[in-house]
Amino acid sequence: MGSDWAADYKNEAEIGEALAEAFKTGLVKREELFITTKLWNSDHGHVLEACKDSLKKLRLDYLDLYLVHFPVATKHTGVGTTSSAVDDKGVLEIDTTISLEATWHNMEDLVSKGLARSIGISNYDIFLTRDCLAYSKIKPAVNQFEIHPYFQRESLVKFCQKHGVAVTAHSPLGGSAANIEWFNSISCLDDAVLNDLAEKYNKTPAQIALRWAIQRDTVVIPKSSKVERLKENFEVSDFELTKEDRELIKGIDRKYRMDLPAKSWGIDLYA
């Protein structure tokens, strides 16, 4: 069973309490879980301390996977505080003294210390991924980035897979309600193609989107707090989309990014 968390989600302490209770009661064993969390931007210069802080909050001895959350170092605001400091013009305070290469080598040290069994990257484009592959001693196991039917990232997916970097799709449903609320995004789940296919396969549009992603050999991490939606998200292994239907979905790609952190950072890191 896998899980995906991050220091920036500000719930590691609560999750740690739940994990401790689950281990204590025998509900699950540590080795049965694959636990991921992420290094926040403001801690690029404090990788070891940030990882230890996450482990302390999660009440764990090691992580299965530790990711660099974004390819940018920002002003340090204290280990684990995950603040995004902005200047008097509301623009993100980027720390130009810390390179991504330096951050990565500090990530590699976590593996040698036994604190992380594998390490990876998140929100890296082709060029940054290529650079990481060039300077790394331990190759990134994963690149996690936004992928859904309206933002298919075909070139980046193929590049990562060609070079042995597993692809994890965050926001595989387009962020759905949350991104509509936060960023006024358009939901791909309302698309006619997905709805027609949902009717054809007797599934929901979300299940069609997840099945499409799985058949691209990408890992999906849909988010939901509703039990019925969680159950629905698991029920995608009992059918397979035809090549023709996958081509239909390929045709609705809008190159439309729905996760827009620049709205609060005052700068478009993807420009």
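The backbone N, Cα and C atoms fix where each Cβ goes, and this holds for glycine too.
What TrEMBL records for this protein:
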- 4-253: domain 'NADP-dependent oxidoreductase' (DOMAIN)
- Y9: active site, proton donor (ACT_SITE)
- K38: site 'Lowers pKa of active site Tyr' (SITE)
- H69: substrate binding site (BINDING)
Residue pair H69 (substrate binding site), K38 (site 'Lowers pKa of active site Tyr') - Cα distance, angstrom, rounded: 5
Per-residue Cβ crowding (10 Å cut-off), top of recorded positions Y9, K38, H69: K38
K38 (site 'Lowers pKa of active site Tyr') and Y9 (active site, proton donor), Cα-Cα, nearest whole angstrom: 9
